[in-house]
Structure formats: structure tokens, C-alpha cells
């Protein structure tokens, strides 16, 4: 039988339990992953109690309340607070969500919060997305043309423009890629659902003139074909997009140009 031994500093330990708010009757318990690279200590799970009668309805509201009123050392990303910027993606109650639009009423019992899976951690709930962004850049997510730029806009029919619906709305939160087991196993070479969704968005753009080159760049055993239609990406996308369908469409295009 294979035996695996985790590095000593990877084992999570029980952290600090903060006191409950006095006089509160509607209290939720939050178990939150904590790790500070500057201390050299193991990751830990700290426990906080929040008076929900004095807190907004979203998970991000509770995190902000914890940081402002209980523990200012808690670190996480956030910005727009309305599901547009993608900054506050994290693993909540076992699934990847945007904390700003994930309601407390969707969670039963304790609230368990971790950083996005698979990614290196910068600190606490902040993942290092350097590799994720590099993969996105590798698909050249912009218009490539040889035709001289027109005096006005690049014209596009209503039908061609409609093909981009369900693709351009991605907020680059990384929830889909970090929910994908294939990305966990082959993240160094498999581009992942987010990057491939963007690749398809430009491949089918009627104004783009580099379709062949884009498909050539994806003709690789790992970049595209490590997708095994597990569908975690589609199930977890906070914008309701379907990266798995986009990936399947690219595969069909690969076959169509050969047959």
C-alpha cells in the first residue's frame, strides 16, 4: 500500500477561538483558514462568532465585519461587492463562490471558509493567481487582424455578436479552474476552463482573423485535451457560464478542420 507523508508545515492545526458577542441571540460560527508566510507557522483554523442581526446578508458582509470589529489581521480580497470584479472568490461551505453574492441563508450550520483550492496561498484567503493570469494571457485574449483598422468600429452582424453571449461575461474569478480536478492534476500544462473559455470567445469572433493560428496553438495533448467533462467548472461559475461547452466546441472545431 502506498503511504504518503505530508510536509510538517502543511498540516492544519486548531487556531484561536474568539469570544461570542455579548447579548447576541442570532449568532453564526465562522471557521476560517489562516496562514501567514512571515511567521513560519502551520496553517490554522480560527473560529469567529458574528451577530447576524448586526450584519449584512452576504458572506462578504460577515468577513468585513470580522476584519473591522474582531480581528484586523484577517486578509482577503474584495472590491465591487456586486459580483462583477471577481476579487472575492473563495471556497465557502465546500464550493467555490464569490463571497459578495453568496448569501448566508444558503449555508446550514457553521460557515467554513478556505482559499480557492489548488492555488498557492499568499496569505489567509488570498490565492496567488500569477500562473492563472499567465495562462489567460497565453491565449491572446484580444482581437488579432491583418486588415487595416477601419475609420470607425469593426462591424459585426447581430447574429455574430450573439455568438459571444455566455463568453464575454467571465469575471476572471478563477472559481471554475480551481474547481476542476483535471486542473489540479495538470495545472502546469492544462490551460483550464477559464483560459479556454476566453480562447473560444476570440476563436469565434467574426472580426478576428487569427482563427487558424489560435487553433494551432491549442493543438497539444495537455493545453486543451485534459478536459474530461467533469462539469465542475459549469456547476460552480457564479455568472452562470458554461466553460465545458466552450471547450467541447473548440474540440469540434479541431475535428472539423481535419475531416
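A Cβ is built for glycine as well, from the same backbone N, Cα and C atoms used for every other residue.
Confidence for the domain '2Fe-2S ferredoxin-type' (28-119), expressed as mean pLDDT, is 97. Look at Swiss-Prot and you will find 28-119 tagged as domain '2Fe-2S ferredoxin-type', backed by sequence analysis.
According to Swiss-Prot, the feature [2Fe-2S] cluster binding site maps to 80, 85, 100, an assignment based on similarity to another entry. The Cβ of residue 100 ([2Fe-2S] cluster binding site) lies under 8 Å from the Cβ of 58, 59, 60, 78, 80, 81, 82, 83, 88, each on the same chain and at least six residues away in sequence.
Look at Swiss-Prot and you will find 160-190 tagged as domain '4Fe-4S ferredoxin-type'.
A 10 Å cutoff on Cβ-Cβ distances gives residue 176 ([4Fe-4S] cluster binding site) a total of 29 other Cβ atoms nearby, all chains included. Residues or ranges marked as [4Fe-4S] cluster binding site in Swiss-Prot (evidence: similarity to another entry): 170, 173, 176, 237.
Packing around residue 227 ([3Fe-4S] cluster binding site) is summarised by its Cβ count: 24 other Cβ atoms lie within 10 angstroms of its Cβ, all protein chains included. Swiss-Prot lists 180, 227, 233 with the feature [3Fe-4S] cluster binding site.
Residue 185 (ubiquinone binding site) falls within a helix when secondary structure is assigned with DSSP. Non-local neighbourhood of residue 185 (ubiquinone binding site): 226, each in the same chain, at least six residues away, with C-beta under 8 Å from its C-beta. Annotation comment: Swiss-Prot describes 185 as ubiquinone binding site, evidence class similarity to another entry.
For residue 237 ([4Fe-4S] cluster binding site), the count of additional Cβ atoms within 10 Å of its Cβ stands at 23 [all protein chains shown]. DSSP assigns residue 180 ([3Fe-4S] cluster binding site) to coil, not to a helix or a strand. Note on the domain '4Fe-4S ferredoxin-type' (160-190): residues 83-87, 89, 95-98, 116-119, 127, 129, 131-133, 136, 197-198, 200-201, 204-206, 220, 222-223, 226-228, 230, 232-239, 241-243, 246 of its chain, located 6 or more positions outside it, place their CB under 8 angstroms from a CB of the stretch. Shown in sequence order, 176, 177, 179, 182, 183, 192, 193, 228, 229, 230, 231, 232, 243, 244, 247 are the same-chain residues outside 180, 227, 233 whose Cβ sits within 8 Å of the Cβ centre of the [3Fe-4S] cluster site. For the binding-site residues listed here (80, 85, 170, 173, 233), the lowest count of other CB atoms within 10 A around the CB belongs to 80.
Taking the Cα of residue 173 ([4Fe-4S] cluster binding site) as the reference point, the closest of the binding-site residues 85, 180, 227, 233 is 85.
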